[in-house]
Amino acid sequence: MDAQQEMQQTRISTQNSNRESTRSSGSSLQVFTDAAIDVRGHKHSYGIVVANESGAVKAGVAKPCIGSIPAVMAEAKAIYHAILWVQLLHLPVDTLKTDCKTIVDKLNHCNWNASPLDDVLVGIKNLLSFSPNLRIEHVYRESNQLAHWVAKFGLGLDNEIVWNGSLPSI
């Protein structure tokens, strides 16, 4: 399956997740995030995808990083970078979706201690104070395939790639 076919299939998956969401989005844009880890290559990557209500991709980021980190830390850093990026661009986003329930639960319940993960979560909370309408929701992995694909794609990059509009042809 080539990249364009995979993107079309993922777009359908994103549309279905939008219909299944228990909360309706007040804005026309939403952000999906995911992280991928290459233990052998000592790399990790973030996938950030901005889509409209119908699931059409509007923008995104694939950001490779050097070093192996725990999966939950990579997911938290993906969320942090996604919020920072949409704030810098002033994108009208009110929902960020991730398939990492641990992060969503910790952010909602504020049960933190002195750990590196909790430091990233405090950073996320601080960023959210500048976007009071932005909420973070858990979605099942099947509904987050596009961000996952972008994160995996990022593992093969040397530098960050950012796009505006549909996904670049690969």
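The backbone N, Cα and C atoms fix where each Cβ goes, glycine too.
According to TrEMBL, the protein has these features:
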COMPBIAS  1-15  compositional bias 'Polar residues'
COMPBIAS  16-27  compositional bias 'Low complexity'
DOMAIN    34-153  domain 'RNase H type-1'
REGION    1-27  region 'Disordered'
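Across the domain 'RNase H type-1' (34-153), the DSSP tally of helix, strand and coil residues reads 54 helix, 35 strand, 31 coil. Mean pLDDT across the domain 'RNase H type-1' (34-153) comes to 94 in this model.
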